[in-house]
Structures are given as structure tokens and as C-alpha cells.
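For Arg96, Lys108, Arg251, the entry in Swiss-Prot reads ADP binding site, with the evidence type similarity to another entry. The region 'Important for transport activity' annotation in Swiss-Prot covers 251-256. Here Swiss-Prot flags 22-114 as repeat 'Solcar 1'. Residues or ranges marked as repeat 'Solcar 3' in Swiss-Prot: 224-311. Under the heading motif 'Nucleotide carrier signature motif', Swiss-Prot lists 251-256, citing similarity to another entry as support. Residues annotated as topological domain 'Mitochondrial intermembrane' in Swiss-Prot, with a curator's inference given as evidence: 1-23, 116-125, 216-226, 306-323. Feature annotation from Swiss-Prot assigns transmembrane segment to 24-53, 91-115, 126-146, 195-215, 227-247, 288-305.
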Amino acid sequence: MQREPPKRKQEKKVEKGLFDATSFGKDLLAGGVAAAVSKTTVAPIERVKLLLQVQASSKQISPEAQYKGIVDCLVRIPREQGFLSYWRGNLANVIRYFPTQALNFAFKDKYKQLFMSGVNKEKQFWRWFLANLASGGAAGATSLCVVYPLDFARTRLGADIGKGPEERQFKGLGDCIMKIAKSDGIVGLYQGFGVSVQGIIVYRASYFGAYDTVKGLLPKPKETHFLVSFFIAQVVTTCSGILSYPFDTVRRRMMMQSGEAERQYKGTLDCFMKIYQQEGIGAFFRGAFSNILRGTGGALVLVLYDKIKDLLNIDIGGSSSGD
């Protein structure tokens, strides 16, 4: 009987450790702010990458008018659509990216608590490493289920090359979602979702898992110099982006079909096969170099996230710093 109070107190502490609303909210804020800042910075590169990926499936871009590469795309966008068109779809992208990245980071830490409970890094290194991979992949897949319609709309808005309102396919985020939902139903907003889940797990598993693992091996992760953290994050985002890029290309091609009377691809597998047969393996990586440049923004997100969490004094037992 005398040991009852301490036991209840311990159970209460464990329960709080599994979900702390305050730290969870701060985690969302830290990840969201970092994501919004970096995404706005690399928006022009983001749009170039997107156009290079989907131009072969776009009804607005004829074969002879397709962009020849990154430089050609960068030069023609302001000339044909206006300078501000570099940021076309950026507002939708920020709206999408804020909850996406914030949920990724927040859930990742919660998944780490579940996957890594009782795991000793020194004695069970590979189990610890796999737990990092699993937490990153699970976080990405979970958040994708919530924000996929926004990602879909952002893709369609970014791929819209009309110069004036009368030439544009969609007037904005709301118009895009309403038109697709009206023509194809809610299912139309989830076109390419299956391959997206596959790609996001591959990307997030390496993105979060490798970053946490490398930082966790440093003597004092909390005291790591900003440039060292940025270099680690840059390598991680570059490798993760290249590894998952074919999945990203296919999912965006599938997104371009919603609302169209004629479908170019019957499904994900058919899309993979036709791209390979008709355009070659290089088509899967079209715009990949711009994606590497864009990855600088992703690396900045990881580093800013750690710094913002430090400023907010967040300590939830499993941060991106690899504590």
C-alpha cells in the first residue's frame, strides 16, 4: 500500500511522456515556421523542377514547346509568363508545406518514442538505426494521408503555364480543388496516392533516419556547429531526393490526369512502363538537378528546426538532434 502513490506518479509521468500537448504544439510551430521560410526561398527552383517533370503529360505544353532543360526553363518562364510566375502556386505550396513538414517532424518524434523505447544506441546500434528509419517513414506516410489534396492542387497550379487569367486552367487553390472534385470526385484529388506513399516512405525514412543517425553519432549533437549540421542535412536531402525521385515523377504524372477526358496512363505500373519505353530511364530523373538545388531548402529546414526547437526549449525525449 505504501508504494501505490509513487507507482501512480510514475505512470502519470510515462503517460505525459507519450503525449505532451504543449511540446507537441511547439514542435508543430518550429517545423512549420522553418518549412515556410525555406520553401518560399526556393520557390522558383521548385517550379522549374515541377514543369520539367510533368511537361510530357501537360495538355498546355506541345512537344515542340517543351523545355529543353533547367536553364531554358528559367529563361522562358519570365519571358512567357511574367517574372512573378516564378512564384506561381507558391502560396498553395506554403499552405501545403506548413502542415506537411510540421506534421512530419511532430509525428516523427512521437514515433521515435514508440519505436525506440528501451533501445540502447551503444549496444543495439542497428536496431536503433532501423527505429530511426521506421519513425521517419511512418511520419511521412501519416502526414501524407492528411495533406495529399493540397499537394495535388499545388502540383496542378504549378504546372499551369497560362499567362493571363483567361489562359489559366485554374484561378487558384480553391478553384482547382472544386473543379477536380466536381469532375472526378474526391478520388480525383488522390490521383497517384499509392505511388506517393511508396515514395514518401523511401524519402522520409532516409531523410529523417539518416540525419538523426549521423547526428546521433556526434559526441555532442546539441553543440554541433551550424555549418556541420547544414552539411550533414545537405548530403541527406540530396541522397534522399535522388533515391525517391522516380516515384515523385510518376506520382506527378498521375496527378496531371485528374479532370481530363483522355487518360494517358491506366495506372501507376502502366505509367512507369510507358515513361521507360517512350522516354527512356532519364525521364524519371528529369529536373533532378534542380531538385538537388531545391534540396538546399530541405537541408535548411532540418537545421532551422533544431535551432527553433532550442529557442522554444523543446525537450520531448527524441528530437531531430538525435538526443
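Each residue, glycine too, has its Cβ placed from N, Cα and C.
Taking the features listed in Swiss-Prot, we show where each one sits on the structure.
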| residue | record | Cβ within 10 Å |
| --- | --- | --- |
| Arg96 | ADP binding site | 23 |
| Lys108 | ADP binding site | 29 |
| Arg251 | ADP binding site | 26 |
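When the stretches 24-53, 126-146, 195-215 are ranked by Cβ pairs under 8 Å to the transmembrane segment (91-115), first place goes to 24-53. Sequence-distant neighbours of the transmembrane segment (195-215) (same chain, 6+ residues past either end, Cβ-Cβ under 8 Å): 104, 108, 112, 128-129, 132-137, 139-141, 144, 148, 151, 221, 224, 229, 232-233, 236-237, 239-241, 243-244, 247-248, 250-251, 254, 268, 271, 298, 302, 320-322. Maximum intra-site Cα distance, ADP binding residues Arg96, Lys108, Arg251: 23 Å.
Under DSSP, the residues of the topological domain 'Mitochondrial intermembrane' (216-226) split into helix, strand and coil as follows: 5 helix, 0 strand, 6 coil.
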